[in-house]
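Taken verbatim from Swiss-Prot:
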ACT_SITE  Cys416  active site
BINDING   58-59, Gln136, 182-184, Glu202, Arg207, 248-249, 269-273, 279-280, Tyr328, Gly498  NAD(+) binding site
Amino acid sequence: MTQSTIPNPRLDESRTIIAPTGTQLNAKSWLTEAPLRMLMNNLHPDVAEHPHALVVYGGIGRAARNWECYDKIVEVLKRLEDDETLIVQSGKPVGVFKTHTNAPRVLIANSNLVPHWANWEHFNELDKEGLMMYGQMTAGSWIYIGSQGIVQGTYETFVAMARQHFNGDAKGRWVLTGGLGGMGGAQPLAATMAGFSMLAVECDESRIDYRLRTGYVDSKATTLDEALAIIEESKQTGKPVSVGLLGNAADVYADIVKRGIVPDVTTDQTSAHDPLNGYLPQGWSMEHAAAMRLEDEAIVVKAAKQSMAVQVQAMLALQEAGSATVDYGNNIRQMALEEGVENAFDFPGFVPAYIRPLFCEGIGPFRWVALSGDPEDIYKTDQKVKELIPDNPHLHNWLDMARERIQFQGLPARICWVGLKDRARLGKAFNEMVKNGELKAPIVIGRDHLDSGSVASPNRETEGMMDGSDAVSDWPLLNALLNTASGATWVSLHHGGGVGMGFSQHSGMVIVCDGTDDAAERVGRVLRNDPATGVMRHADAGYDIAINCAEEQGLDLPMVNTKNTHSK
């Protein structure tokens, strides 16, 4: 059999994966049914970008290493006992061990490489040999919920931009961005929710069409003139609108600079973190890029990075012209720097610019999913959040907008940014709702790995830490260990998510609210300790907001003086 006729173990066009719903179990308990349903939900055709290839989002972020591994994971989860733990190594189920009932049912490690070898070249070699997979953040940890998972974080960022740059009023303002994939696809909806109009450049027309169908983008344009006309009309009417422009981001950004047009805000969410699979070089078609990836990877990577350099140079020019310009966490500045753009980091990342004060209080992307499949379960939990946090109109407004404007993808889910003060009591309340029958089936609670204590990423979440500890990756490892000790239902530890190989380490957790008293205890521990690691990490770095939060919430941090001084 020739190389070209060997079946691709990662591609099966015949497979359509839909998670079960309702109360009938396919596994032995809800503690194993939950990871089973969430794994399958990651591959739902309305959730995953390329489900037939096991790709969930973010270039090549997969849910399982290949279809054989997927089938075996499903088989094991169906037979797994409540005192056993499944070990998953880069999407491959490698062992089942006797543990105990409060231990995680699944422990996952994805894409981790010894630092000296932690680069795309070495990873791609292993990936081609079937020895690894790229887990991104929530793809390989089975808690991706579609674009909603990033909408609120993006919304919070745009609200902060409006507050910092435009006196809190985004009316008549517009954002230029690139990328409408799994992460970037959240941008247009988040922008219009925050009052901005948006022009989003995307080279894959199917992505624009999908965002149109799901209500994340309002209109499509095929020329820059057409897109700018839509933006100009929105500026005149004051009504925010989003437009997806079919094109290459590097080309369009450079053209906008050439025309002397200055967006109010400039950013980017193309998959620049992965130059081989995630970014289309200038002048290339999608088909040509796909063929070249098989023929000569080095040429693809070089061409992509050269185009990124062009785009970043345009972003720098727009910043110089007065546009509020920010890196939205895809590592495009690093790629441009490697191509000789020496001032690529002259515009900031979004976390130090807008999000870090939230991280200091353990506030981040808290998300939950209704395993029943019934949207009413989510609406009831929305109401419970409002009852338990009555004095936060900003949060209430978010929940109202989310219900009105966000379509569920796969299993019904919700995200809302809450912190150390609120996560545990919300989780325990959800568990009580399951116990008393208010909800039709259990809820799972998880989060993005982009959270306050679960990631080390010097070009994104930990950029510019005040004590210089940007690259210290002990923190996500400790977060994973503590979540394991606290009784999370599944725990994951990944490398390279968001910004690519060699640039990040991060951890995730998911906890099941099945209505039992044991679950209530686990939920209380996990949903306090998990965000507390974020407060701890930022307090240790010397942030006053975190030190004060630690004192208010009674955290025991032996080396942190809660009188607002940092003890080394």
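Any Cβ shown, glycine's included, is placed from N, Cα and C.
Positions of the features from Swiss-Prot, shown on the structure.
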residue	record	DSSP class
Gly58	NAD(+) binding site	coil
Gly182	NAD(+) binding site	coil
Glu202	NAD(+) binding site	strand
Ala249	NAD(+) binding site	helix
Ser271	NAD(+) binding site	coil
Tyr279	NAD(+) binding site	coil
Cys416	active site	strand
Gly498	NAD(+) binding site	coil
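On the backbone, the CA of Ala249 (NAD(+) binding site) and the CA of the residue listed as 'active site' stand 30 Å apart. Least packed by the Cβ count within 10 Å, out of the recorded positions Ala249, Cys416, is Cys416.
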